[in-house]
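What TrEMBL records for 64-89, 101-121, 127-155, 176-194, 229-251, 272-301, 313-335 is transmembrane segment. Annotated domain 'G-protein coupled receptors family 1 profile' per TrEMBL: 80-332, in sequence order. Look at TrEMBL and you will find 360-380 tagged as region 'Disordered'. As annotated by TrEMBL, compositional bias 'Low complexity' applies to 366-380.
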Amino acid sequence: MLLQEIRRLKCVCGDVCAVFALTCFNDMDFYDHIIFDNSSDSGSGDFDDYELCDLTDNDDFPKIFLPTVYGIIFVLGIIGNGLVVLVMGFQKKSKNMTDKYRLHLSIADLLFVLTLPFWAVDAASGWHFGGFLCVTVNMIYTLNLYSSVLILAFISLDRYLAVVRARNSQSIRKTLAEKVIYLGVWLPATLLTVPDLVFAKVHNTGMNTICELTYPQQGNMVWKAYFRFQHIIFGFLLPGLIILTCYCIIISKLSKNSKGQVLKRKALKTTIILILCFFICWLPYHAGILVDTLVTLNIISHSCFLEQGVEKWIFFTEALAYFHCCLNPILYAFLGVRFKKSARSALSISSRSSLKMLTKKRGPISSVSTESESSSVMTS
């Protein structure tokens with residue numbers, strides 16, 4: 001009975017609560033109200049079969065590592081995705097299907113990285129932003145985590161139609177990019193934030209304040225497992241299956257085509273890179289979540305060695321997964337020839353605007369210097 005209570009506390013708030021419970025239960029007055037199922041004269045009981053894990057080793061390491069990693073991802077993500085949004089805004093020509101997906105993807109990644117400073121502070125010293133921001137930041141985080149991955153699936157489907165069904169797919173691609181993406185990406189991603197709206201709460205542990213999802217005590221493990229499997233299915237398995245299937249068919253199609261060997265090799269190389277980057281970033285993290293969930297459900301037998309290993313695995317692979325939002329602008333925008341031209345055009349327009357502003361503030365500048373500056377911008 002006591003063991004069950006400790007296990008329940010452990011599921012709700014982790015090993016810290018379980019250790020705290022054991023400390024409290026050492027009070028002799030409390031033992032009068034406890035019945036041990038397997039007690040003996042020596043006082044042994046259920047505790048002999050349960051091994052509490054010490055997960056407090058190197059407690060200061062996450063306080064340094066996580067804020068540092070989140071800070072790097074934040075800076076790179078803001079620069080890369082911000083540049084894509086800026087270029088798309090300056091683009092005068094009508095946006096094709098690929099451009100529309102790029103814009104959706106960059107907005108999703110941009111909003112995702114905007115939540116990282118909050119989590120960096122939380123990792124370093126606890127949550128200091130109140131209950132409203134706890135719910136809001138969790139919802140934005142979840143919304144854009146799901147939408148980013150689902151958009152990648154839509155991009156792979158669009159490329160499949162463009163390569164394999166090139167002759168009669170234009171109208172379908174347009175419908176997907178302009179209408180279906182809202183029903184297939186943003187609507188389900190929004191619905192998947194409902195658990196954050198309901199369960200995200202701020203708690204004071206005595207040492208600091210934390211923001212986390214707190215499920216009902218009745219059936220806590222079931223709630224946790226349900227939302228974990230939801231995350232694995234909609235955040236990895238489903239989009240990953242679409243991405244892998246579409247790109248494998250594209251590779252098969254390009255391999256059979258004998259025309260344009262140089263372009264074909266480049267397209268094959270790019271496609272393989274896209275597949276590898278997605279699975280290298282996301283597979284280790286979701287594998288860790290799956291194992292942790294199976295341990296929680298006692299499908300995999302519990303051990304301190306396994307629990308400590310899984311915790312450290314998720315700790316590092318989560319950071320690796322988040323780096324994917326920094327790679328997206330490079331993989332899906334900067335490698336494109338059309339995007340590079342649009343970027344040069346946007347930079348030249350921005351430079352000209354800056355020169356005009358400087359001219360107005362400082363007065364007239366010699367025509368020779370102005371012309372030389374403009375030419376250097378255009379050729380860079």
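First residue shown is number 1, and so on along the chain.
Note that Cβ sites are derived from N, Cα and C of the backbone, with glycine treated the same way.
Where the annotation comes from TrEMBL, it is an automatic prediction and has not been curated.
Tallying C-beta pairs under 8 angstroms between the transmembrane segment (229-251) and each of 64-89, 127-155, 176-194, 313-335 places 127-155 first. Remote same-chain partners of the transmembrane segment (101-121), defined as residues 6 or more beyond its termini with a Cβ less than 8 Å from a stretch Cβ, comprise 66-67, 70-71, 73-74, 77-78, 81-82, 84-85, 88, 95, 127-129, 133, 137, 140-141, 143-145, 147-148, 151-152, 154-155, 158, 177, 181, 185, 322, 325, 328-329, 332-333, 339. In the predicted structure, the domain 'G-protein coupled receptors family 1 profile' (80-332) carries a mean pLDDT of 89.
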